[in-house]
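*Asks:* Dumping what TrEMBL says about this protein:
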TRANSMEM  65-95  transmembrane segment
TRANSMEM  130-152  transmembrane segment
TRANSMEM  164-186  transmembrane segment
TRANSMEM  206-239  transmembrane segment
TRANSMEM  251-272  transmembrane segment
TRANSMEM  306-328  transmembrane segment
Amino acid sequence: MVLQQASGRPHGPHGLFLRYRVEALTLRGINSFRHYKYDLVAVGKALEGMFRKLNHLLERLHQSFFLYLLPALSRFVSIGLYVPAAGFLLLVLVLKALGLWMQLHEAGVGPEEAEAASGPSPPLPPAQGMGLASLVAPLLISQAMGLALYVLPVLGQHVATQHFPVAEAEAVVLTLLAIYAAGLALPHNTHRVVSSQATDRGWMALKLVALIYLALQLACITLTNFSLGFLLAATMVPAAALTEPCGPRPLYAALLVLTSPAATLLGSLFLWRELQEVPLSLAEGWQLFLTALAQGVLDHHAYGALLFPLLALGLYPCWLLFWNVLFWK
């Protein structure tokens with residue numbers, strides 16, 4: 001159920017109403033013998049009976065049915081049990097951001113004042129300007145890459161089909177993968193734009209912004225689609241908290257790649273088929289991944305689904321900020 005909700009796509013006959021933009025249904029009772037309509041009172045009584053039974057069911061459950069998860073046909077998971085799990089994950093980002101803020105503050109007041117205020121502590125870099133101008137380049141480039149990931153696949157599909165022997169769906173998917181992989185070169189391009197020397201305070205400030213950005217996005221996603229928010233938080237929060245330019249950089253880079261939105265989607269597809277007891281091979285999983293990418297773009301442009309713009313304009317630029325933090329030096 002969690003994987004189905006996280007996909008953002010309807011599963012079941014009721015999903016066809018939203019899929020084809022059927023926003024409401026009108027109930028009308030007709031007597032097949034007398035050939036005239038029932039009055040409004042009869043229809044009102046039927047609707048009143050339905051609402052009363054639903055209200056009785058909600059009172060039995062003590063909470064809204066829509067705030068429950070259904071892991072089995074006879075078992076519910078209450079909102080009071082699964083929301084704290086996502087809250088603790090978001091708390092990690094908040095605490096990490098507060099720690100960076102305190103380090104920036106202590107580095108700003110100078111080494112002598114920081115030592116007198118906090119007692120014995122590890123040496124901090126000398127007081128330097130935070131260089132907020134150096135943060136503009138990675139922020140703008142990250143958002144530009146996200147905008148390109150959202151706009152270019154659809155705009156470039158006609159050009160790709162004219163010059164290459166590929167179908168339109170294949171052109172969209174290949175363009176998505178090309179732009180997504182091009183984001184890995186972001187640190188090198190950013191260092192060419194930034195003219196000043198990269199300092200420790202620079203990557204601390206950039207990671208502070210990225211942590212706050214990620215925490216706000218995950219909090220909003222969790223309120224609207226808990227399953228999607230929890231899956232993203234469970235994968236992205238550990239990598240976001242551990243990433244820094246100091247330490248085992250190859251390990252941090254591998255962790256970031258494995259917890260990126262694309263890798264999370266690929267892993268969710270394998271997990272979904274394992275739960276259905278229909279395991280996939282690597283080739284089948286890759287084909288299913290490409291199909292899911294094309295279907296996500298189609299659902300957004302045809303039916304107004306919000307999963308694709310959320311990943312392209314929100315989470316992908318945020319992930320690029322952490323990638324930039326890793327290769328700051």
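Each residue, glycine too, has its Cβ placed from N, Cα and C.
Whatever TrEMBL says is automated annotation, not expert-curated.
What you are looking at is a predicted structure, and each value in this text was computed from that prediction instead of being measured.
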*Asks:* Would you say the transmembrane segment (306-328) and the transmembrane segment (65-95) are touching, if the rule is that at least three C-beta pairs must lie under 8 angstroms and be 6 or more residues apart?
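*Replies:* Output no: the transmembrane segment (65-95) is apart from the transmembrane segment (306-328).
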*Asks:* Counting CB pairs under 8 Å, which listed stretch among 164-186, 206-239, 251-272, 306-328 touches the transmembrane segment (130-152) the most?
*Replies:* 306-328
*Asks:* Which residues of the same chain, at least 6 past either end of the transmembrane segment (206-239), have a Cβ under 8 Å from a Cβ in it?
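*Replies:* Residues 1-6, 8, 69, 82-83, 85-86, 89-90, 92-94, 96-97, 100-101, 104, 135, 138-139, 252, 255-256, 258-259, 261, 263-264, 267-268, 307, 310, 314-315, 318-319, 321-322, 324-325, 328.
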